[in-house]
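J.: First the structure, which I've put down as structure tokens, then a few questions once you've had a look.
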């Protein structure tokens, strides 16, 4: 039998084989932008098949996670962000399948650059201390940033966005290209801010790849705190000005008067201050000051009457340390001290001078006064009464013989007053009877009468005037030299008067008033003297006449005549006949010129005789003059070239004419002699030879300059022109230019030619000629060497891949770029173009490394490399030859270095969160039963990401929330699905059927590096009493086909999650294609509450749901009989073969049975509905719990929640569910232990009969009875809440 079966299978297999060729994949390299958005297409896989079969596309390989492919069109879209900085190219595995065979191929993807990196500052902040006297323009620091992007996107522009405080914006500037921050204005610690915060912006050049018209610009900000450091550059300053203190006179020594306060304006330095008294308006030593605290106190006796009401002290505050100029800074101020008066002085009499000030007043006890006989009025006796105290009140009295003739004024005063006597009895004043009267004046202090003083006053009585003054001569003759100094005395002429009052009191005047311009007289002595020396000029006027008048005290006049003669002096200098002389003479000729002058002094005297001379000067020795005649001639030959060229041939002499007076006077006249040039010199080169060099290939290049000079001083004769007369071969030209001295000939390469170093002319010998306008010439040899130039571009040498471990902090170089340059003289500098990190299979800009100008690559200490973020870095660099003279100075292609980031175990596993609720049926669970699952990933790679699961603890929480520790009832089995590790939680033994509640299972995930993470699973325990057996009148194959619709209908009716535990035929003899089918299911809510069969039957009896389930074949609900399972696999194989051979017969038979059963089922349903509308029964007390109420089931389960759920979501499937889901459900047939199935009892169909008595109808089929109960439900119809149990949807169950 086995041989026959094998032959049949082999023949079927051979029959199915058809010749087929594999699809072919077109080779290709695709360029894609690194900034393509996720979900956007990147490229299309190009594949063909000879049979034109539909092709299915898949991608694989390490980079497959970055992409997604449409399995039917081959369009590849972006799944993760690309990063060119991580890798500039990628390899993607492609598999194309035509339904029978497939082809694998690797595609190369080139990642194109996009601006996706922001500039990164090398320092987190730039803090600096700057002295306030730092010079403007000084560089403070350099804020540098790097950008991992290449080309213009990596060009960084710096700016200062803001300065805090804002007034400091004008104090700082930044170089936009280098980031160098400079001081733009003067700092001041005291007047401006002591710190500034600079917000520095670094912006890249922008760019994009996917959306090129819209450039992306990125920028970064760094802050700099500039702290201004104070320096000792300010003088100290007194505060609280002005200073005014007070003290009583006669105060005790060391009495405190006032305290001054000063501060150091350099608040950041604050030096100690020392105080001293520098000056005082009173005597020094009257006050003293504390050196440390500035307290001023009394140091000697104070007398206000001596020092006055106020004393002003000059106080000085000096810093104890030197300032920036090396001296101790100081400042001074005035302190005014008011002296408080005390009454300690008696009144005193004083005599005062004409000014009547304090200095001219002296204490006196004797006074005199004059009075004309028989006259009234006041007698001035020059008496002042004073009380030196500030506040006073004095009384004056008069005593003595004849005191009644006079009275004293004032009689009382409160201030210092002038005392006068008034004549009361003028008739008693008779000069012939009495010439003198003596009186006493007494002054008394009214506050203290013991303070008093007495003065004696003598009154002289005066005679009257009755005579006029008289001179001895009527005329006086006087003589004086002209221009005599003012005050020169001509004579002393006086008059006499016999009156006593006129003795010595005669006054003199000179008339008329016009004479006073020249002469005057002393009004008291009669001395005649010179008034103005300048106006006394003999050459203008030699004789003067005047009247001298004398007057006595009564203004009575007398006069005489004065005749004054002037004598000559030497007071006129010589006068030149011309203001200047100007003559022209050619060099080499004889020069002669007569100089003339006159003198206004008296002729034929020494004062008017003249002598000529030449003042010494630069060229005065070249000339001579006759001292008597004034004839000027040259001494020796005149040479224009011997003169200073700046003079332009002009010689200026100063000729003098001097008289022979006692004090000689002289005059000077300038004589300008213009020496005219003649061409008597030829050109001369300034060097014996010249040697120049010039680079090849440069048209019009400047070679060098030759210089020559013609000593002739005019351009008419010294202008030089240059020409190349030999050796040029048409390659050079020379042009003439005026130089500071002479002329310059600039030699350049011909503007139409290029010199070639590789030609035969590597050196030229040029014969250059210089000629003036009159063809006087000179020649010179010039050697010109042709130089080679640096014009080769540098080239990169290949760079080997470098490996660096993540999180490394090494400071040395991890690799280096190398380049070569064919030029002998070169200097190579390496510049960073971009740094790309491969992150999630996408190349993006990063800053993990730094490129030095030497080509060395170092780890950037500001960043930490993370393999889990990026596993590969590609550095693109440019090399520049800074010595390049011609052409491009950089390499044609950029250099590239690949750095592989090596992983270390630095990440613990991460559990993948799930909303699943896990349920275990306690009675049916045995050792190895899968009840739950967890999944986790580890960001590390290779062995570091391997994860193992284990159960570390089990607790049970009953319905009363009491928790009990359990033994290890569960274990974890670790499996792997792609990059995700799955832990299947299964039982290690049978479970206690008496426990009702939930298990709390602690699961730990540990990687190979012993890093671990734990989570707690909730597993609800459901016993077998909640098992519901559903009988369908369709075959097992048809039930499995409609299983999704059946589950959706059951969920819609119960609002609970439906878990299918098994599907099998009603009888063992039935095949999958015929017979009735039993479906074993559980109806469970998310809180662990399950529905009993009775509750399920009640819920699905609703006509809205019952019709749908009846159409799907549902016939009955109840406990399914257990069937002994046949374990012989050969029996099933043979039955399958037989079933295949008789498939036609089976289909016809099944169709007839289904048609008959469907008709009868519909008939029964219609009758049941009719009965349901007529029959009413009471609620069953033990009936099902109504969803949404607070009723409990008979088993004491938790209340049913009134929540709506999406049935398709609960089951995690819909009409589009894949075949894999269905296979998973079907696999329950194999998982369910056949030994546990009892023999199923056949449900006999009976014809429904109606009673003749018109009573309630009898229902012999359970479905009819269930439908009849629908009208009797009184509880709410709110739906239950369902949940998902993955344990029932996997093959592990």
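Counting begins at 1 with the first residue displayed.
Cβ atoms here come from the backbone N, Cα and C positions, even for glycine.
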J.: Kindly point out the range from 1132-1154, 1155-1177, 1178-1200 that TrEMBL annotates with transmembrane segment.
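T.: The range carrying the transmembrane segment annotation in TrEMBL is 1132-1154.
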J.: May I ask you to indicate which of 1029-1081, 1241-1293 is given in TrEMBL as region 'Disordered'?
T.: 1241-1293
J.: With a cut-off of 8 Å between Cβ atoms, can you find at least three pairs linking the domain 'Cadherin' (377-471) to the domain 'Cadherin' (583-685)? Only pairs 6 or more residues apart in sequence count.
T.: no
J.: Which whole number is the mean pLDDT over the domain 'Cadherin' (686-796)?
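T.: The average pLDDT of the model in the domain 'Cadherin' (686-796) works out to 87.
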J.: Please list, for the domain 'Cadherin' (24-121), how many residues fall into helix, strand and coil according to DSSP.
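T.: So the counts come to 3 helix, 48 strand, 47 coil.
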